[in-house]
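Chemist: Before I ask anything, let me first share the structure, which is written out below as structure tokens.
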Amino acid sequence: MEADALSPVGLGLLLLPFLVTLLAALCVRCRELPVSYDSTSTESLYPRSILIKPPQITVPRTPAVSYPLVTSFPPLRQPDLLPIPRSPQPLGGSHRMPSSQQNSDDANSVASYENQEPACKNVDADEDEDDYPNGYLVVLPDSSPAAVPVVSSAPVPSNPDLGDSAFSVESCEDYVNVPESEESAEASLDGSREYVNVSPEQQPVTRAELASVNSQEVEDEGEEEGVDGEEAPDYENLQELN
């Protein structure tokens, strides 16, 4: 009868104090040993016989390099530089440079004395415009004949003396062969027989007279060559006319 009277509720009430004391003991134990619990847990996970070593990382060592000693000197003072005159520039479209960069450019710049190519090109263009104002060349038509000086060719005689005398009479009226006389000898430079200006007092020698005189000289020269066997000079002044 007593065994039937014990129910699950009674059994629970009997076991309740035992469970409470067990939980209290566990809580106190946990509070007192937190570090030891962690160490024991890690040891339980990894047995002592097996040791895991971390991988060793080898870093290559660079050899020690000896650098030379560097001695610092105070900066040298630059000599005073004179400002270089520059051409004025328009203010409207001018591009301002920083002051530091402009000073460095002034210090390093050197005056150049070279001819500018664009200026030469402009001069050539101005000359072309002056020569051809409209830009076109003036071409003459084929119908208009070109003005070419016509030189009349005189017949060349067989005798060189006659040719020279005729040429002097026809082309050059100022200089003619003058027969030998005292006036011509005095008018020449050193008394030699040369071409001299004809004075207005002397009468001009006609062609017929010159031709006759030259033919006589040629005949005389031929006779002298037959007798003496020597060559006479190619050119001689005319003899005095009577």
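Placed from the backbone N, Cα and C atoms, the Cβ positions cover glycine too.
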Chemist: By the record in Swiss-Prot, which of S39, S44, S188 is the one labelled phosphoserine?
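Modeler: Record lookup, Swiss-Prot, feature phosphoserine, residue S44.
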Chemist: Could you let me know which of S158, S168, S215 shows up in Swiss-Prot as phosphoserine?
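Modeler: Annotation hit in Swiss-Prot: S215.
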Chemist: Swiss-Prot tags one of S36, S165, S212 as phosphoserine; which one?
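Modeler: Record lookup in Swiss-Prot returns phosphoserine for S212.
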Chemist: Please give me the CB contact count at 10 A for C27 (S-palmitoyl cysteine), counting all chains in the structure.
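Modeler: So the number of other Cβ atoms within 10 Å of C27 (S-palmitoyl cysteine) is 10.
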